[in-house]
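See structure below.
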Amino acid sequence: MADQRVAVITGSGRGIGKGIAERLAKDGYAVVIADLDPGTSEATAQELVSKGFKAVSVAGDVSKKADHEKFVQKAVDEFGRLDTYINNAGIAQIKLLQDETPEDIEKIFSINVYGDLYGIQAAAEQFRKQDDGERIRKIINASSIAGHIAFDLLGAYSATKFAVRGLTQASAKELGRYHITVNAYCPGIVGTAMWDLIDEKMVELNGGEKGQYLKQYAQSITLGRVETPEDVANYVSYLASTDSDYMTGQAVQIDGGIQFI
Ligand SMILES: NC(=O)c1ccc[n+]([C@@H]2O[C@H](COP(=O)([O-])OP(=O)(O)OC[C@H]3O[C@@H](n4cnc5c(N)ncnc54)[C@H](O)[C@@H]3O)[C@@H](O)[C@H]2O)c1
């Protein structure tokens, strides 16, 4: 069995996914930077390689089952195996539920929910092909604090993140016998392009000025500052390490103390 651990991280061209890729590379993982945007995924992979880490990029759309198979194949072709698959890619929509169109709903569920299911399927198939004995292999999904308590104006998004917790629990139960764990991380308010978009759309809907809503929501953070991708990555590093081998089916909030459940 190879000592080199290998991870695929979807949506890792920027934001939280990039933070996770950087951290796992520092932890000794070879990383596959998988993203819809070939420009950012290649730039992130190049940045990591220039720092002496093992990284490659692959472009694809998580809403397509075949693209997850491509991401897994890239890991196997480049690094020989797969240890950890991180379904990080996701999108937000800022709308009243009343205004959601069938196209909106189809799009957000295709990426945030079907995308995670296809990732679970592709990873589990590869894990079951590998002769890894009792070595624990890991699937890690991005849920959210909105996957525990729904947010207004983020109703469809919240529903997808609740669904991610459901997929995490059910797949953990089904895959445990194959020495595969499935857990989720639930970030709070992270200062990425996603929150820039949320803030911008809230200004359009409710009025006010740029940055106002991020500031307003940030007031609910006990630790008094907006979360960074590194804060999330510190926890995902644990989930991707052998230290979490006895944990499965969980969806922990890493949010600086916004919700206490
Ligand atoms: N930012 C937050 O406050 C926050 C909070 C809780 C949960 N999350 C979750 O964390 C994850 C990452 O969020 P982020 O803030 O880094 O977002 P982001 O928008 O900054 O980055 C998302 C990345 O995913 C990629 N992507 C989008 N659609 C894709 C698709 N169909 N196929 C492949 N890649 C695709 C984008 O190109 C981008 O690189 C998401 O699942 C999000 O829901 C974010």
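Positions of Cβ are set from backbone N, Cα and C atoms, glycine also.
For D35, D61, V62, N88, Y157, K161, P187, G188, I189, V190, G191, T192, the entry in TrEMBL reads NAD(+) binding site. The Cβ of G191 (NAD(+) binding site) lies under 8 Å from the Cβ of L214, V226, E227, T228, each of which sits 6+ residues away along the same chain.
The active site, proton acceptor annotation in TrEMBL covers Y157. In the three-state DSSP assignment, the secondary structure recorded for Y157 (NAD(+) binding site) is helix. Y157 (NAD(+) binding site): 24 other CB atoms within 10 A of its CB, across all protein chains.
In this structure, I189 is the one among the binding-site residues V62, I189 with the smallest number of other Cβ atoms inside 10 Å of its Cβ. Of the listed binding-site residues D35, P187, the Cβ environment within 10 Å is emptiest of other Cβ atoms at P187.
Checking the binding-site residues D35, Y157, G191 for a CB within less than 6 Å of any atom of ligand 1 leaves D35, listed in sequence order.
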